[in-house]
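Listed in TrEMBL for this protein:
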- 1-30: signal peptide (SIGNAL)
- 45-295: domain 'SGNH hydrolase-type esterase' (DOMAIN)
- S49: active site, nucleophile (ACT_SITE)
- C64-C92: disulfide bond (DISULFID)
- C148-C156: disulfide bond (DISULFID)
- H288: active site (ACT_SITE)
Amino acid sequence: MRMSLGTGGVGPRAAAFVMALAAACSTVLAVPSASAAPIGRTLVVLGDSFTATSPFVGGDPDGCTRPPTAWPARLAAASGLLGTPGYEDVSCSGGSIDTGGGWTLVHQARKAAADGAFGDSTRAVLIQIGWNDTWGASPGRAFPSIDCLMDVIRGCGFDAISQGRLPDFLAVTPLAFADRTREVVNYIKYYAPKSRIVFVGYPEVFPPGQSTACLSLPAGGQVVQPRAEGYIAFLDHLDAAQRGAAGVLGVEFFDARSVTARHGSCAADSWIGGFTEPNSLFVGAPIHPSVAGNEVLAAALRAQLGL
């Protein structure tokens, strides 16, 4: 049975469930009728700039940029899905769970649903989100962090939270992450019942647990932010929150940190783009996965999913 806005012909408990989910999803996307139930895409991706690896030049009709070097495209290509109706990528730079008025998880889910992405043929729905959200009472965001990670005067320590320059990492918990993503996850579970929903973690940008952050600069140089303990604590808590929320919601987690360990920014063999690559304006972005990093992530995801 496919859910519709009507409840005739079902028992009271089922009717209550239908109405509850319909109400919950009324701000997310329309509940399709049984006669219009889509087949679904094989692979569906939702996320932010770490997913799209959006460059500064170019753009798709929806205002987002998804270069062929991003990990979703590499995964789709390796799985024989790139350029076919079996692949849907609605990730967008600046994407968030529910912060701001841009491509939130709700908006991305709505776009994917409108394209018929969720159905019985959907095998995997990958979600990489949370970096761009506010957490706790602080209005600060972790990206682009011009006033925190890039602030050479004040730095990005724990005091940046009370100053409103950084999310409150203590508010980034598995339960909070699960609560903020639950409606979309439940919708996908219902309309793509055979799919594997995966929270995709973020790759290692800076080694966890340290207090400094190193960034690559033009001409091969590097700059170190000596007070980055607040920023790195946020990344550590975000990773734990994604992992824990996957357990709370009964979905999978892809451990991108483990896959990319010791290949963060300024590593000898870094898989994080700096400000040095000559093609970064066209195929990637600073402090985001490099072309090599995206290939590694795609290969590891394909192995986990069996695509």
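Using the three backbone atoms N, Cα and C, a Cβ is placed for every residue, glycine included.
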Among all protein chains shown, how many Cβ atoms are found within 10 Å of the Cβ of H288 (active site), not counting that one?
26
Per-residue pLDDT averaged over the domain 'SGNH hydrolase-type esterase' (45-295), given as an integer:
91
So for C64 (disulfide bond), how many other CB atoms are inside 10 Å of its CB?
21
How many neighbouring Cβ atoms, not counting its own, are there within 10 Å of the Cβ of C156 (disulfide bond)?
28
